[in-house]
Amino acid sequence: MPLLDSFTVDHTRMNAPAVRVAKHMSTPKGDAITVFDLRFCAPNKDILSERGIHTLEHLFAGFMRDHLNGSDVEIIDISPMGCRTGFYMSLIGEPSERQVADAWLASMEDVLKVVEQSEIPELNEYQCGTYQMHSLEQAQDIARNIIAAGVSVNRNDDLKLSDEILGQL
């Protein structure tokens with residue numbers, strides 16, 4: 001099985017909260033696609049709550065589009081990581097890590113402005129596979145933690161696992 005890019009970086013050295021360019025690709029027509037690792041918490045040290053990350057999934061996707069989409073950037077998808085330490089964001093374009101970090105922080109401010117659980121988008125059995133598994137309070141706790149900590153940048157060169165280590169795993 002091929003080694004996926006996300007498993008060639010040392011998760012024990014990742015900072016969080018932090019933005020990392022996980023991958024650059026181009027479509028056959030030459031459009032740039034960038035995949036970002038939006039690491040909310042340090043791998044193997046902390047984990048986002050099940051209800052909190054699910055609520056963030058519903059809120060974050062729209063808020064990030066509000067703050068980052070423009071003439072040269074269009075978000076394709078924002079999805080939670082299976083390990084529950086963050087989200088992957090795929091987009092058309094090549095915004096800087098700082099632009100992404102600023103949009104992320106602005107989105108967390110937006111999460112804090114949501115007053116009631118009923119304001120969570122697509123919170124119904126027709127549009128959500130587990131619509132009762134949400135917590136606005138937990139999502140807002142996560143948002144407060146991100147704002148308080150600030151968002152840094154993780155660089156692949158700083159996190160790259162050596163061929164020797166990869167060979168031992």
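For all residues, glycine too, the Cβ spot is worked out from N, Cα and C.
So that you can see what the record holds, here are the features copied from Swiss-Prot:
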BINDING   HIS54, HIS58, CYS128  Fe cation binding site
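For HIS58 (Fe cation binding site), other Cβ atoms within 10 Å of its Cβ number 18. Same-chain residues that are not part of HIS54, HIS58, CYS128 yet have a Cβ within 8 Å of the Cβ center of the Fe cation site turn out to be THR55, GLU57, ILE120, GLU122, LEU123, THR130, TYR131, MET133, HIS134. Counting every protein chain shown, the Cβ of HIS54 (Fe cation binding site) has 22 other Cβ atoms within 10 Å. Around CYS128 (Fe cation binding site), taking its Cβ as the centre, 17 other Cβ atoms fall within 10 Å, counting all chains.
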